[in-house]
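Per TrEMBL, the features are as follows:
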- 1-69: domain 'PPIase FKBP-type' (DOMAIN)
- 93-181: domain 'PPIase FKBP-type' (DOMAIN)
- 205-293: domain 'PPIase FKBP-type' (DOMAIN)
- 317-404: domain 'PPIase FKBP-type' (DOMAIN)
- 423-450: domain 'EF-hand' (DOMAIN)
- 460-495: domain 'EF-hand' (DOMAIN)
- 469-500: region 'Disordered' (REGION)
Amino acid sequence: SYDRGATVAGVVGVGRLITGMDRGLQGMCVNERRHLIVPPHLGYGSIGVAGLIPPDATLYFDVVMLDIWNKNDKLQITTLSKPERCNRTVENSDFVRYHYNGTLLDGTPFDSSYSKGSTYDTYVGTGWLIKGMDQGLLGMCAGEKRSIIIPPFLAYGEKGYGTVIPPQASLVFSVLLVDFHNPKDGVFLEHLEVPESCKRRAVTGDFVRYHYNGTLVDGTLFDSSYSRNQTYNTYIGKGYIIPGMDQGLQGVCVGEHRRVVIPPHLAYGENGAGDKIPGSAVLIFDVHVIDFHNPEDPVEIETVFRPEGCNVTTRNRDFVRYHYNCSLLDGTRLFSSHDYEKPQEVTLGANKVIEGLNSGLLDMCAGERRVVIVPPHLGHGESGARGVPGSAVLRFEVELISMEEGVPEGYLFIWHGEPPASLYEQMDLNKDGGIPADEFSTFIKTQVAEGKGRLMPSSDPEKVIADMFRNQDRNQDGKITPDELKLKSDEDQEKIHEEL
């Protein structure tokens, strides 16, 4: 048979072989080698084979058994390994991606997906595979390894395949199922960790900041936000990300850990992406939601403690002192006034703090404590700030220590009632017709002490009074004359007339 370059195939024990071969092959195993001595009466007898085997010849056969099968054989499936978790198994019409080594029954290799560097991708049960493989893949889990022995009538039969698979050959496939999906599959969600408190869940139009690890089903990592030390920030439900993730992030809570399993038709499809995501690959994203907000969100204020008898509350232009702790919604600490010797000081409504915190400090009593949640469009926006990530929602724990009633914007001093009718005469303490800086300062301090007016709240009243004097000393000669002294309310009225 070696000379002919083809194996011999035949049915044993039904009279199609000489009797000696029929008997001599009985009990042989694949890859067993036997030396058979066949006497003439069990060979070709007294007739022989003309021109080849003489009459009454004893025959010597050196036989190697390459393959055995029976028409009643079925697939032989052996599970080599199986993952602990298996959410579902392969069914007809599923699309599978698997690696394989293919050998004949005697171990001769004929094909391998590993040598091609890519999985074999196809539908199951729709005629794209030989019958034995169609059947052998059913019931497999992603990550499972199987040995599948296929008799020739469920493989390539009498014709074989090309030069690599002989006629009537049994095939042995060692299969590793990488992943599978069904074209009808949707996104599969697994809630790994959900915070006990979840005031709101994300919906279409929300802007979400999250960390993720992206892997194939076999655990191969193809991308990770952690490796970049930066969250992935995007709107959901608006087409900015793959459809599966758009769907998979719906309903998340701040702080939630969620696994999102995405079939390829909701991910990167048949083409895959780059050199890390193969075509038709199922993707797994392990997601940790840091925060989310909606561009329409207002500031959220929760009053933790409010003193009894709270009659006076903060307004814009008031000067306030407060302590605060600032963190991200995941608990990451950013800043704290307790790290410094004294509380934070600011004039409300003077654009000295972010808009959201300014709103959170309004209508507070001294001693009141609040939690203020500030969305990024009322905080540091898309760009963030030093130490603050872009598009971050901020959480402030605020305690108002004290407050001083402010003055309107543009004013340094305000009268509590009507100003004196003869203001210049009262301010000119020595009645010499000019008001120097010391007289001006003494007069203003007297009005504040008597409760007739108040200065713009500041840690340095001397500077405020000095600024007031410079504003009134219009020719900067060191004294205020009657022509120079004007109330700011009168100046504002003059400007209105000029504009008209």
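These residue numbers are counts, starting from 1, taken along the chain as shown.
Cβ atoms are placed via backbone N, Cα and C, with glycine included.
A quick note: this is a predicted structure, and the numbers were derived from the prediction, not measured.
Of the candidate ranges 1-69, 205-293, 317-404, 205-293 has the most C-beta pairs within less than 8 angstroms of the domain 'PPIase FKBP-type' (93-181). Counting residue by residue with DSSP, the domain 'PPIase FKBP-type' (1-69) contains 9 helix, 14 strand, 46 coil. On the 0 to 100 pLDDT scale, the model's mean across the domain 'PPIase FKBP-type' (317-404) is 95.
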